[in-house]
Amino acid sequence: MDENKKIIRVLVAMCSIFFAITAYLTYLQIFQGKKLMQNVYNRRNSEIEENTLRGSIFDRNGVVLAYSEKSGESYERIYPYEALYSHVIGYNSKIYGKSLIEAAYNGYLLGLDNYSQVFGMVDRESRGNDIYLTLDHKLQELGGNLLKDKKGAIVAIDPKTGEVLALVSKPDFNANSKWLEENWVSIAESEEALLLPRATQGLYPPGSVYKVIISAGAIEKGLDKKTYEDKGKVVIDGYEIKNAGEKALGNIGIKEALAASSNVVYSQIGVELGSNQLKRLADRIGMNRDIEFDIPVNKSIFPYDTMGKNDMAAVAIGQGEMLFTPFHMAMLTAGIANGGDVMKPVLVKSVMSPEEKKIKDFKSNVMYKIMEAKTADIIKDMMYEAVENGTGANAKIEGISVAGKTGTAENHLSEKNKGGEHAWFIGFAPVEDPKIAVAVIVEHGGSGGGVSAPIAKRIISEYLQSIEKH
Amino acid sequence: MFRKIAGYVPLSMIIFANIIGYTFLAFREEPYNSHAFLMCFIVLAMICISYTVIIKKRFGESYLFLIVSMLLSIGIMMIYRLDSGLAVKQVIWMLTGIIAFFTCYYLYLKIDKWHKYYYLYIVAPILLYILTLVFGTTINGAKNWIIIAGFSFQPSELNKILYVFFLGSYFKSRDKLFFQKSNIGEKNKIFMNRVLLMFITYLNVGFLALQRDWGTIAILLLVYLFVLYIFSEGYKFLILNCGLLLPTALIAYKFFYHVRVRVEIWINPWEDILGKGYQIAQSLFGIGSGGFFGTGLRMGKPYMIPFASTDFIFSAICEEMGTLTGVAVVLLYMLLCYRAFKIALNIKRRFEKIVVLGLILLIGMQTFIIIGGVIKLIPLTGTTLPYVSYGGSSLVTSFIILGILQAISRGDFSSEGENYG
């Protein structure tokens, strides 16, 4: 009977619908379950939080950077170094929520992954997991002191492992919730953008440090064998480009040009490379791309679609419209130091259970390649020259070979008054066997060689001394 | 002897599940809660007595009631865990429901020619809708409640059954219900009949839209389309209806803020997690926090899910009893549908065939719409989970449906009876 056939078809349809529900439920549980459970807005966690001793956060050597203490009925989060880690660890407030590591590792810190939770022993008093960061507290503290009241950022990375050794952003704020909650409005509305983690989310024009990247393109094209005539200024497409102080450097190759930071030579190289190669270069080093990291990192911006000759010249000397985060710049510096391989940056080294068992161990691997090892070797040598006999002389350390590059990035403020440029320095040491790569920026600090290079020098020598001792 | 015992195996499983559940609930409190055992006893007593009557009096299909008993047990257990006062009320509703079940069973068999009262199935819903619009109260965004003496019920629940009866009367002698005696020609008659069928369907939908009862609209239209598919001649009329519904749905999406919001929440509930997306987000948090095995009764936090004992009870079950229990609940509904479809396949009398199918489609679609909604498979439209959610009118209506299904399964409808077609 035809009708019964149709009825069976409808029955099959109904069964498929129920099957779809079952399948979706299973999918939900397997692929989203954990995320849903640990979601910051899942109030079950805040109830769990009341009964859970949130895990502590340590530096790489076991210095306590954050811990929880019972105060009355609930726990209070305490940051013994107050503001120093406000742009790394973030804050943990009942009213304003959580940020950075406190937010990203909330599940671990509350121990939501523990089996006790899965099997429902929720209302038992429990302890979360501890987190060990890759940061070196001594280095971080030194960085904080060196920047002090200046605005800016310091990022130090171990080039071989991708471990972040220091991540300083200034200005910062006291992250202890009592202070935070009392001053929230003034913090949030401050003109200095106190809540902005400058190292990872601040965007700056790179200035002359970008010449290092351009050098890679130049070497690949064989331009390192060429000599250029530097008269102190050059006109490209009706637009005059000058060296600092209009200094004429004579007949030089790119090695000397980088050491002296010649705008005349590099703007010409930019035009020789051409729009396509410049864009490919920017793409290769990860411009406009998300960087996967333990805390959010802004994309560096390369906004050009079509480039005129003066755009090419401007980009080559780092004065175009492109913008970098200090963090990205440090990664690239580390990449050069590591023979062209950029390691995936790591901030959280390991997670330890309350029973001192290692739950998670974060290992790095190569994230992407920015240049061939051969090219990197030539650039290392050029950067060494820039510190030894060039603009980066202030970063020289006795007995250690340092490679680096200064940058003095023009911005809307520096157009009006001299000395308002952003001061950059990137560098690494020792050149033969790089142990640390650094990027320093001081907002409106003036010249990179004068302001940022000495800061980088202190960071590098402090770190190398400390690992010598160990 | 063995057969006799085997017949009681499913019942013993229900008893077992209830005893375990309430023991758990009783001992999770200190000092232990004897009230839970009383609860357990009353629920089981009602189930056992009813089931014995069904078996002894040879009511026909015996599995329908068993499946429903299991669903009810899970529901009342969950409601008891959320709010024991509410569970007591639900047990009273269960008793009312069982009385309604037996009443409808006898009534249905007693009155033989149900298709003759088609005008009642058309007029009564309209009266009820108007009554709701005039005297109705808005609860949870839908103005479909009437409160009489502190006693609230949803007339649209009853209207769904009446609409199915109307469909039965219409398709009993297909396209010949109206204008039987007029002489406007055979083709015109069919045309006018179909126009009236659509008109009455959309009149129902229109009233429901005025009450913003989107869930019931979806259920009614799905039942309508499925019945058209099975019983309408050819596919032209079905395609025409589908074709009409599509632009109507688009217009509704464009002009009704409520419809649009629901779709938007469905696509991305996380955008406004503390506002519009709150309910669905909390529901998903509950399911996610429970895992496959659940936190255990009284060990999770299902009270954080809004409307946990009514619309969102499925999420609460998933949180504390686990996603696997959730899957089991879905399978119970599937079994229920299967048994009812089997009844439909065996009857020859057309009116009863349509009524059985229509009623089980009502239950099935309602289940799909609410479970699919709370797990974010489809946009969420508020409606109860049949037999499980707390709610008097929903539970009693569902029992009325069960009573009619039971009656038809028992009745001698296997002969053609009369001609149709």
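Glycine residues also receive a Cβ, built from the backbone N, Cα and C atoms like all the rest.
Features reported for this protein in TrEMBL:
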TRANSMEM  B:5-24  transmembrane segment
TRANSMEM  B:36-55  transmembrane segment
TRANSMEM  B:62-80  transmembrane segment
TRANSMEM  B:92-109  transmembrane segment
TRANSMEM  B:118-139  transmembrane segment
TRANSMEM  B:145-171  transmembrane segment
TRANSMEM  B:191-208  transmembrane segment
TRANSMEM  B:214-231  transmembrane segment
TRANSMEM  B:238-256  transmembrane segment
TRANSMEM  B:312-333  transmembrane segment
TRANSMEM  B:354-375  transmembrane segment
TRANSMEM  B:387-405  transmembrane segment
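Highest Cβ contact count with the transmembrane segment (B:191-208) among the listed stretches B:36-55, B:92-109, B:118-139, B:238-256, B:312-333 falls to B:118-139 (criterion: pairs under 8 Å). Where the transmembrane segment (B:36-55) meets the stretches B:92-109, B:312-333, B:354-375, the count of C-beta pairs under 8 angstroms peaks at B:92-109. Most Cβ pairs within less than 8 Å of the transmembrane segment (B:145-171), among stretches B:92-109, B:214-231, B:238-256, B:312-333, B:354-375, belong to B:354-375. Residues 144, 156, 160, 163-164, 167, 171, 174, 201, 204-205, 208, 237-238, 241-242, 245, 258-259, 262, 350, 354, 357-358, 361-362, 365-366, 369-370, 373, 381-383 of the same chain sit 6 or more residues outside the transmembrane segment (B:214-231) yet have a Cβ under 8 Å from a Cβ within it. Among the listed stretches B:5-24, B:62-80, B:118-139, B:354-375, the one sharing the most Cβ pairs under 8 Å with the transmembrane segment (B:312-333) is B:62-80.
Relative to the transmembrane segment (B:62-80), the listed stretch B:5-24 leads the set B:5-24, B:92-109, B:118-139, B:354-375 in CB pairs under 8 A.
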